């Protein structure tokens, strides 16, 4: 249990780090350039290591499954969140939508995975959503000058994150791969997605600023390897619902990071939301621990495939410049107690 607690804490901290990395990187260049460089480096590091150490053929079905997982949980998620921010959707609204993932996961985990969701867990999930709404509320300032379609993009991002998780879990033994293999496949898939997007938007550039490269190192090490790696480890050791519920802590964690690193203001509403989120997560996790029968840790699951995309809820308002996707797309961390 102690290891599970450490992994959970690492997941929340590293997943939230994506917001800070996005703020650092987009202060020097566009979000698509940051995301493209991030995954080029990830793919090069993992792919180079794999070629040197493994050199074995992988089952075609497994490669296909993990390519889809990477494209969904990283490509679709980040693209939806960042693109919506670029079009003018308030980052707080995107964060709130991303926070719906635990509810969507809970609804679908029963019929798709056979995991049991109890009454207390439902109540805790609802309370967590209310807490997230409080935390991001100050950032939602009303109708923005954005196309109507833009407001559907955060929902698309959240759906990509959920879909990628379930595809990986349902793939079965035939798609089981060691962690390093699945990381390579998903990283390469994400690099391909963002290369196409960056190329289509004129983002295939080589920034000269040192601050940009510091941000790239930040999102590669902390957000990608730390955030997505710890996410899949939590899913494997516990359950999809457990990992999804922990996402409720990422908005308030980002709020606190903004206060500590950038002097962002924390209001009473933000503190209240933080307390509600913490209480809801505690409630849900205890309910899961007491539920009988308890779902087996990651049945028939391959070494968890790889990272989803930067930080699940989004936080600050972008300079209109993802996401599981803003994270993207904001040149600065939340200026208000938003996630």
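Sequential numbering from 1, following the chain as shown.
For all residues, glycine too, the Cβ spot is worked out from N, Cα and C.
Remember, TrEMBL labels are computer predictions, not curated facts.
On a predicted model such as this, the values are computed, not experimentally measured, just so you know.
Taken from TrEMBL as is:
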DOMAIN    9-136  domain 'EamA'
TRANSMEM  35-52  transmembrane segment
TRANSMEM  64-85  transmembrane segment
TRANSMEM  148-167  transmembrane segment
TRANSMEM  179-200  transmembrane segment
TRANSMEM  212-234  transmembrane segment
TRANSMEM  246-262  transmembrane segment
TRANSMEM  268-289  transmembrane segment
REGION    294-339  region 'Disordered'
COMPBIAS  326-339  compositional bias 'Pro residues'
Check the transmembrane segment (64-85) against each of 35-52, 179-200, 212-234, 246-262, 268-289 and return whichever range has the most CB pairs under 8 Å. 179-200
Is it the case that the transmembrane segment (212-234) and the transmembrane segment (148-167) have 3 or more CB pairs under 8 Å, with pairs at least 6 apart in sequence? no
